[in-house]
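A.B. asks: Mind looking over this structure? Questions follow.
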Amino acid sequence: IDPPRYCNHIICYEDSECSQWCTAGCNSITSKCDT
């Protein structure tokens, strides 16, 4: 399973599926979740 293609900080904190991928936060360059 790949991390969500697009994320922002609100999505990372509020969306449980995204937040499990965003353990290292959102990559501001690629707009992807870092694991």
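Each residue, glycine too, has its Cβ placed from N, Cα and C.
As listed in Swiss-Prot for this protein:
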MOD_RES   Pro3  4-hydroxyproline
MOD_RES   Pro4  4-hydroxyproline
DISULFID  Cys7-Cys22  disulfide bond
DISULFID  Cys12-Cys26  disulfide bond
MOD_RES   Glu14  4-carboxyglutamate
MOD_RES   Glu17  4-carboxyglutamate
DISULFID  Cys18-Cys33  disulfide bond
A.B. asks: Name the one residue among Glu14, Cys22, Cys33 whose Cα is closest in three-dimensional space to that of Pro3 (4-hydroxyproline); these are the recorded positions.
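C.D. replies: For Pro3 (4-hydroxyproline), the spatially nearest of the recorded positions is Cys33.
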A.B. asks: C-alpha of Glu14 (4-carboxyglutamate) to C-alpha of Pro4 (4-hydroxyproline): distance in Å?
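C.D. replies: So the alpha carbons of Glu14 (4-carboxyglutamate) and Pro4 (4-hydroxyproline) sit roughly 14 Å from each other.
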A.B. asks: Using DSSP and collapsing to three states, where does Cys33 (disulfide bond) fall: helix, strand or coil?
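C.D. replies: Note: Cys33 (disulfide bond) is in a strand by DSSP.
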A.B. asks: Please report how many Å separate the Cα atom of Cys18 (disulfide bond) from that of Cys12 (disulfide bond), as a whole number.
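C.D. replies: One finds 5 Å between the Cα atoms of these residues.
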A.B. asks: Within 10 angstroms of the C-beta of Cys26 (disulfide bond), what count of other C-beta atoms is obtained when all protein chains are considered?
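C.D. replies: I count 22 other Cβ atoms within 10 Å of it.
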A.B. asks: Which residue, of the disulfide-bonded residues Cys7, Cys18, Cys33, has its CB surrounded by the fewest other CB atoms within 10 A?
C.D. replies: Cys18
A.B. asks: Under 8 Å between C-beta atoms and at least six apart in sequence, can you list the same-chain neighbours of Cys12 (disulfide bond), or say none if there are none?
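C.D. replies: Looking at Cβ-Cβ distances below 8 Å from Cys12 (disulfide bond), excluding near sequence neighbours, one finds Cys18, Ser19, Cys22, Gly25, Cys26, Cys33.
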